[in-house]
Each structure stands twice: as C-alpha cells, then as structure tokens.
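Enquirer: Feature table excerpt (TrEMBL):
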DOMAIN    187-419  domain 'RCC1-like'
REPEAT    13-76  repeat 'RCC1'
REPEAT    82-142  repeat 'RCC1'
REPEAT    143-210  repeat 'RCC1'
REPEAT    211-255  repeat 'RCC1'
REPEAT    256-307  repeat 'RCC1'
REPEAT    308-360  repeat 'RCC1'
REPEAT    361-421  repeat 'RCC1'
Amino acid sequence: MPSAASGRGGGTSTLFAWGCGEDGQLGAAEAPTPGATETNDWCVEAPRAVELGESASGVIVSACAGSRNSVCVTTRDDSSSCEAYAWGWNSHRALGFSYEECDELHVKTPKRHSSMKTEDGERINVVAIASGGWHAVCVDSDGVAYGYGGNEYAQAGPPDANAEHRNTSIPDRDWAPIRALLWPPRKVSLPAPVAQVSCGGMSSFALLHDGRVFEWGQTSEDDEPRTAPRQLDAKDKHVVEIAAGSFHLLMRTRNGEVMSYGNGSYGQLGLGATGAADVCRVIETFGRLGVVKIAAGGWHSAAVTAGGVLYTWGRGEYGRLGHGDDVKDKVVPKLVELDESVFIADIALGGSHSCAITAEGNVLSWGRTTLGRLGRVIRDPSSSTCGVPSRVAFPPLPNGKRWKALKISCGGRHTLAVCTVSTDDADVPTA
C-alpha cells in the first residue's frame with residue numbers, strides 16, 4: 001500500500017530511519033551526538049524523519065534498506081513518472097549515480113536521480129530498486145531489470161569484458177582500487193517482464209510475472225559465479241514472492257507454500273538440518289497454514305501466515321528470532337509467541353535484527369540492541385540481546401493522531417519505515 005511522500009517529514013506521511021548511520025544510510029547530514037564521525041560508529045536510537053527534499057512529491061512505492069545504504073522510489077498520483085532517491089555508502093557505484101552526478105563515497109542525505117541511463121544513453125524510468133552488498137538491481141516501468149555496482153561475482157549482471165581493467169575514481173575502505181564494476185546500468189536478459197527483484201550479498205534474483213524465478217551471481221561461496229541468469233527449478237510451482245538473504249533465498253508460491261534454496265549453515269533454509277540446498281525445496285512445517293509474507297535476513301528467515309501468525313528460523317544469536325531467552329539456532333520454523341490479539345501484517349529482517357508491522361500499523365522490533373538497531377532505547381549494558389518483540393515509539397503527533405507504518409525494510413544495521421498519519425485507536429497489546 002503506497003503512502004504520500006513528504007519531503008520534509010510533514011503532512012500525513014513520511015519516511016523514518018533508525019540504527020547505525022556511519023555511512024550516511026539514515027539520511028542525516030549531521031551525527032546526532034558530538035564527536036561522532038564517519039570513522040566512529042554513531043547511531044539514531046529512535047525513529048527520525050528522513051528529508052527527501054523540497055521538490056519531493058507523489059507517493060512512496062518502495063523503500064529498501066541495503067547493507068550500508070538506502071533507496072526509495074516515489075511516483076506521482078497518476079503514476080505517470082517515478083523518482084528514485086539514494087543515500088549512504090556509494091562504493092562500487094552502488095547508489096546508481098553517474099560520476100558526473102556524484103563522486104562522494106558517503107552520500108549523507110537523500111539524493112534524487114536526475115536521470116539513470118543505460119550504456120546506450122537510454123533513460124530508465126525506475127519503479128523499484130533492490131540493494132545487495134555493494135550492488136543493486138532496478139526495474140523499469142516495462143518490467144525490465146538493470147544491474148549496476150560491484151560485480152566481482154557477476155551479481156549485478158553479465159560482466160563487462162573490460163571490467164578487470166577498469167578502476168573507479170572512488171577508493172574502498174582500505175584505499176585500494178575497485179576493479180570489478182558494472183557501470184552504467186546494464187539490462188539483465190530475462191524471458192518475461194519482472195515483477196520483483198531481490199539481492200543477496202553476492203547474488204541477485206528476479207521473479208517474473210509468469211511465476212518463474214531467475215538467479216545470477218554467487219549465492220553460495222561453494223558455487224561458481226553465474227554470469228548469466230539461470231532459472232531456478234521451483235517444481236512447476238507458481239512463485240508470487242521472493243526474499244533474498246545474504247546467501248539464501250525464500251520463495252512463496254501461489255498456494256501459500258514456502259520454498260528455500262542456498263546456504264543453510266544456521267538452519268535458515270528451514271529444512272530440518274543445517275547445510276546447503278542446491279535445489280529448491282519445500283519447507284514442510286507450514287503444511288496448509290497458508291503463508292502470505294516471507295522475509296530473509298543475514299542468516300535468518302521468517303514467514304507470516306494468513307492468520308497473522310509469525311514464524312522464524314535460522315540463526316538465533318542476539319535474539320533475532322524473537323523467542324525470548326532462547327537464542328539457539330532453529331532448523332525448522334518456530335512460532336513467535338505474541339499476545340493473541342496481535343496480528344502480524346508485515347515482516348522485515350536485517351543482519352542481526354528483525355522488525356514487524358501489526359495490523360494496527362505498530363512496529364515491533366527485536367534482536368541485536370547495539371547501534372540503535374531496534375529503534376528504541378535499551379539501557380542494559382550487560383547484554384546486546386533482546387529476544388522479546390516490543391513496540392517502537394514514533395514521534396508524537398497532536399490531536400490524538402499517530403504514525404501508522406505501511407512498509408518496513410531492515411538493512412545490515414539500520415531500518416526504514418514508511419508511515420502515514422492515522423486517527424485509529426492502536427492501544428492494543430503488541431507483544
């Protein structure tokens with residue numbers, strides 16, 4: 001559900017961010033505490049509005065928190081055109097700006113794409129962007145996918161014949177030249193229009209409108225990089241949603257089943273054991289529960305059923321699975337125990353934290369507590385773990401109004417939430 005974009009955080013809706021901001025991924029020009037710098041971790045411990053700029057207009061159709069950067073796309077009410085914004089870590093051209101537009105390593109505030117173009121000079125009307133480790137894939141209004149950024153494993157797209165000999169003008173954190181780069185954005189050759197894209201650490205995935213799923217790059221470190229898109233065998237099932245973790249993939253089928261593929265070192269595939277799966281397999285736990293939403297994080301996974309019930313599995317460290325004091329890894333999905341009145345509407349997973357949206361539009365967070373990941377102040381210095389989903393408090397509004405979350409995306413160490421103003425009563429148990 002789209003919401004009205006507000007360039008200055010006013011009006012009836014806005015984009016909020018919290019967590020680690022050392023790379024500019026929170027869209028804040030200045031650090032919130034004196035002395036914090038790009039080389040000294042700093043954070044925002046509660047939701048703070050992101051200013052898209054005075055000229056921002058339309059509705060937010062997508063927002064993505066990447067590993068160390070952020071992107072969002074807005075469209076006008078008549079859907080005639082879209083505008084893309086990006087900020088944060090710009091190594092490997094990961095933000096999608098040309099050298100003329102931006103040569104900064106850290107883009108501290110949202111920057112609008114004046115015009116993203118292909119290598120042939122054609123303008124790309126971007127409607128969605130997915131960010132990976134240091135690459136990205138965007139989709140245009142015709143359902144065509146384009147990759148750009150770091151391409152060491154062909155994760156952005158078919159490698160440039162000259163990639164190994166091309167250096168950028170921007171050094172990486174170790175001040176060594178970046179050599180494997182795909183720029184300008186290059187079309188990914190796929191047999192049908194794209195419905196959704198999702199990026200892992202070194203791989204990319206595309207869901208086509210006809211229900212097929214394709215991958216390229218390197219999903220598992222044990223595999224050779226795939227330099228051209230390869231169709232995944234979904235056992236003739238029609239896939240309607242995909243979610244890429246760092247090194248694994250979840251797929252939701254039209255019948256509400258969940259399939260998994262890739263690295264399963266911590267049980268994140270949900271197949272009953274650790275270890276990789278080189279073919280797509282159905283997670284048997286869900287049976288006929290009817291899954292309506294999936295999410296994949298660094299090393300953990302989640303699913304929401306039609307009844308608003310949340311399941312998590314995979315790595316349990318820091319309480320990221322939401323099972324209280326139980327921080328053990330889970331090789332099969334386990335129900336997250338919440339108050340019976342809580343209905344989960346959406347879920348997002350980050351590197352080591354998790355967030356959910358309830359039917360009332362409240363945001364719950366849990367997992368690793370450091371660097372403001374959870375969007376709420378936690379003053380227990382003895383533990384970096386919070387395994388109990390609890391409500392995130394947004395800035396107060398006058399006249400009994402409140403912020404209602406519509407979309408949420410967790411990155412490596414930060415979170416983005418698209419919210420609208422609501423007058424509904426949300427004083428119901430949230431955990």
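A Cβ is built for glycine as well, from the same backbone N, Cα and C atoms used for every other residue.
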Enquirer: Any residues 6+ beyond the ends of the repeat 'RCC1' (211-255) with a Cβ under 8 Å from its own?
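Expert: Same-chain residues near the repeat 'RCC1' (211-255) but 6 or more away: 130, 132-133, 153-159, 188-192, 196, 198-205, 261-264, 268-269, 276, 278-280, 282, 291-301, 303, 349, 351.
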Enquirer: Residue counts in helix (H, G, I), strand (E, B) and coil for the repeat 'RCC1' (308-360), per DSSP?
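Expert: Secondary-structure composition of the repeat 'RCC1' (308-360): 3 helix, 23 strand, 27 coil.
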Enquirer: Mean pLDDT across the repeat 'RCC1' (256-307), rounded to an integer, is what?
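Expert: Result for the repeat 'RCC1' (256-307): average pLDDT 97.
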Enquirer: Can you break down the repeat 'RCC1' (211-255) into helix, strand and coil residue counts using DSSP?
Expert: 0 helix, 23 strand, 22 coil
